[in-house]
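The structure under discussion appears below in the form of structure tokens.
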């Protein structure tokens, strides 16, 4: 018997055994936890409804024969044994949502992993390595900042102490919420953080319009954009709108506007490099109709796969704020920096093969190579083990919204591609 | 006896009888009501501290021999009888402050009127017409909107019903606060609104830097700028900062910024007409660092003494919002409109004469003709009777601030000019 043929065949059989009806039912069942009349889902991390959803996932995974474990950050792991005790292959995503989110962002990746296990059961396939499915805690970061807590703490457990200090808007401390969540599942054994993994593959909705526009059902994610966040503070002098002549003003909004206009123009010049610039959060003081703004603060979110483009942007920001120093006191500071993530070529090759077979069988166009503009748990896992991601389209590119949607046929193809990839990895 | 000579002489004698020490004491005494450690005053309209200040003013006015009356909007009138019952000449301002204001904005004008009466008493001068001093209710509008309530309701009593519906941030209804204030002074007779007045003269701090810059102690206010307020609403589509390519965005902030930049440029072009443009209040939704703004609202406060300049500005605003319609749904609406106020020439001539004599005696530079960029009660009184205003300098142009300040010597000259003006008007 040719081992390589056997492996390939198992991956194909796993791919073909994915059950679309069961997948859609599982998505609908989890969406009921925090489900909203508008079709959206409100299931912020570690809320009572999130704890109920976790119990639902534990029960479902056990019904598929999985062993369940939980770590100190309440990340849930569902394990299907392999024929060996080699390091496992991991898939999954997160089950928490934004305050108002959709039923797919995160949940889809967790349920896809469980559907892969169900398909393997149906097809009677055993893999060499164990397959694990994870539901990361607090990917969204909307209740307790920062986001991607679970995966980053898994990779770097020393982060957890700091995360536990985070406080939500009602004054609840993250550490207390975490302890309560752990207490809710006395039947689930605790397992260590940072356990070695052979590979991590995350299936997720794109949350952008690129795949839909290209009419591609599947996306091979080559990497995650580098992100830099800045805060610009322009301090002028608040004064009466009626009594202060224009040439006597130190108008912080006029300064902010001049700077922002130059930043937008710069982004236009870098359009070929697919830079993305967002000036999303503004604070204007005193924010009164008849008072000249004395202080304007705004944030910059700038992303690109090419770190050199962002280096140039930062130098430009430095120059522009200096140019406008005559208008008042203008400062900027870096709030966050994340280098680009490039997934390894062998992983991209494998995922492309898996996506191509699924697309071909469904008579859909070739998978498209895309970069991720959003953060994902895979960003941190890429520091821990060979990692990859698969995207399915988002209708109109909408996410973090009740209107988030992906065609069921595309969701099905995504899980097919994941099943193939996982079995290939688990038999190596 | 030559009546005209007698009159001139009385005005001069009244001017010379103004007592600077008594004036400064009166300012300090009123500033104690709501006085702050930082030198500012917090005395919002109809608060307990404002009611206490009103009682203080009533007692002080009665000690000067005044008859006190109050109208349905709780405007307080202090009357010094004339030798006839012809229509009186009115001066005054307001005693309420911003949440954090100074000791001069408004209070100075009321106390200046009472000092004129004290000076007339000292000099043994009787005027033909009665002289009245008013403390208008709620000029500031910070607790109950809109501002200049007392003077506008005095001129147009039908406004009062609507004003009584205004609610402060604690849910207190203006009508109830007004009734409570009226009940606090059962010893003060009620008088009618809209009583005929021979003239109204208001003495006020400039609240801008023009007089200080010109080194002039006194300003002859030729009129009040026309004011227009607009709200611009730019509606785009909120979306993920990372996943949405630049050419797929409908970024409401980019639209607002492009419009605002053109408005500032337009104000530059109209600089010769002394237009004043303030984009003071901003609301950005959802106001999140990593979400493309889906809605941006901002206000425009634009002022000029020349209504034609503002008409041109409004047409430009119309054009600019249309030009940017491709970026999303962009609308604007007019929130407030006030035509320019021009004070009558005979009043300007009289005030200039009064100011010139006061400045000359103090060996200060000539009074400067200025326009008011701020609203004042005089704006509404100008619709009711011949009206004028006198300004004194504001240190660094600062007002609506604890740091508000005017040199005592300038405050003294202002009351001297007012005394002259009032006696001239009251003997006509």
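Each Cβ is built from the backbone N, Cα and C atoms, and glycine gets one as well.
Now, the feature entries from TrEMBL:
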BINDING   A:94, A:105, A:204  Zn(2+) 1 binding site
BINDING   A:105, A:140, A:400  Zn(2+) 2 binding site
DOMAIN    A:225-324  domain 'Peptidase M20 dimerisation'
CB-centroid shell, 8 A cutoff, Zn(2+) 2 site A:105, A:140, A:400, site residues removed: A:97, A:98, A:101, A:102, A:106, A:139, A:142, A:207, A:399
Provide the number of Cβ atoms within 10 Å of the Cβ of residue A:140 (Zn(2+) 2 binding site), excluding the reference atom itself. 23
Between the Cα atoms of residue A:140 (Zn(2+) 2 binding site) and residue A:105 (Zn(2+) 1 binding site), find the distance and write it as a whole number of Å. 10
In sequence order, the binding-site residues (A:94, A:105, A:204) whose C-alpha falls within 10 A of residue A:400 (Zn(2+) 2 binding site): A:105
Which of these binding-site residues, A:105, A:140, A:400, are close to chain B by Cβ (under 8 Å)? A:400
Neighbour tally for residue A:204 (Zn(2+) 1 binding site), based on other Cβ positions within 10 Å of its Cβ: 27
Around the recorded Zn(2+) 1 site, report the further residues of that chain (criterion: Cβ within 8 Å of the mean position of the Cβ atoms of A:94, A:105, A:204; site residues excluded), sequence-ordered. A:93, A:104, A:106, A:107, A:108, A:109, A:139, A:205, A:376
What number of additional C-beta atoms lies within 10 angstroms of the C-beta atom of residue A:400 (Zn(2+) 2 binding site)? 25
Under 8 Å by Cβ from residue A:94 (Zn(2+) 1 binding site), counting only residues of that chain that are 6 or more apart: A:106, A:107, A:109, A:110, A:135, A:136, A:137, A:138, A:139, A:140, A:150, A:377
Given a separation of at least six residues and a C-beta threshold under 8 Å, show me what packs close to residue A:105 (Zn(2+) 1 binding site) in the same chain. A:97, A:98, A:204, A:205, A:207, A:399, A:400, A:404
Mean pLDDT across the domain 'Peptidase M20 dimerisation' (A:225-324) comes out at 95
